[in-house]
Amino acid sequence: MESEKKSSAVSDVGAWAMNVVSSVGIIMANKQLMSSRGYAFTFATTLTGFHFGVTALVGLVSNATGYSASKHVPLWELLWFSIVANMSITGMNFSLMLNSVGFYQISKLSMIPVVCVMEWILHNKHYTREVKMSVVVVVVGVGVCTVTDVKVNAKGFICACVAVLSTSLQQISIGSLQKKYSIGSFELLSKTAPIQAISLLVLGPFVDYYLSGNIILDYKRSIGAILFILLSCSLAVFCNVSQYLCIGRFSAVSFQVLGHMKTVCVLTLGWLLFDSELTFKNIMGMIIAIIGMVIYSWAVEVAKQSNNKITPHSKNSLTEEEIRLLKEGVENTPLKDIELGGSKG
């Protein structure tokens, strides 16, 4: 039992480490690919289509070689999920284009309370006071180190709302679909990735033209740009898989809270690799955010331990109704079908 717990803990850490490393890596790769000082590839939505295309290809190869098994999920649920996921991607791109960086960061921070409220409404999930306090600390810390100017306009506000709601719903749905159909994270991803890839590759160039005014067919390709696109797609496979793994193992709220560790890593690496400015305000915000994440991890562990103490006690005693049903079941079962207290199947 103890070894199983240790193995589970190692798997959790591995999934989370994969998500942090791949997410930070893809941000660094995309920064070089998209920046004017790099390769000026300004087609973010189409690039996301490439990401899901490669992920879908990996899923098909995995299923064909028997590494993973394909389980049935209704097509309408896959289509609905893909629409929500694509709304999240497009909404985020439009929000970044129409809003100031400060308001964009605030909208991303608002996902934590939005996910909490959605899980409360959809799944009747409640949170302890300690968890709520730690979430506030994380939001304040990340807000201090990332939020600068805050300018709001009507179109940008609507896009931000769509992005936040769709992203939060997508992350909750990942966990719900995995539990509902007893499907693994990679199997679910391999089913949704082809739909997202096709839709994003069809609509992506039009969205990117609206966002940047550039046509992808006019882009001057180079070996360096192609290599970075391939690197970005490779990292995206690990990023997508680890996201599904993390939400399947933890929860959408935990994914959001601990996900801000990536923000801290990106700021630090930006300072180390790209000469980005790192002020005293940034450093203080990162420290507060890290403290909040530590408190959150502690609060979640305390809540788990208290639930584990309550659950065994409640299962030790049967209600009168359960006893009555058990007696009726034994009395109504033919004697020849009962063997050692169990019924023959």
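A Cβ is built for glycine as well, from the same backbone N, Cα and C atoms used for every other residue.
Here's what TrEMBL has on this protein:
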DOMAIN    23-297  domain 'Sugar phosphate transporter'
TRANSMEM  13-29  transmembrane segment
TRANSMEM  41-61  transmembrane segment
TRANSMEM  73-94  transmembrane segment
TRANSMEM  101-121  transmembrane segment
TRANSMEM  157-174  transmembrane segment
TRANSMEM  194-211  transmembrane segment
TRANSMEM  223-245  transmembrane segment
TRANSMEM  283-300  transmembrane segment
Assess whether the transmembrane segment (41-61) lies in contact with the transmembrane segment (194-211), where contact requires at least three Cβ pairs under 8 Å among residues 6 or more apart in sequence.
yes
Can you tell me which parts of the same chain pack against the transmembrane segment (223-245), counting only residues 6+ beyond its ends and a CB-CB cutoff under 8 A?
15-16, 18-19, 21-23, 25-26, 29-30, 32-33, 38-39, 41, 47, 50-55, 58, 174, 178, 185-186, 188-189, 193, 255
So what pLDDT does the domain 'Sugar phosphate transporter' (23-297) average out to?
81
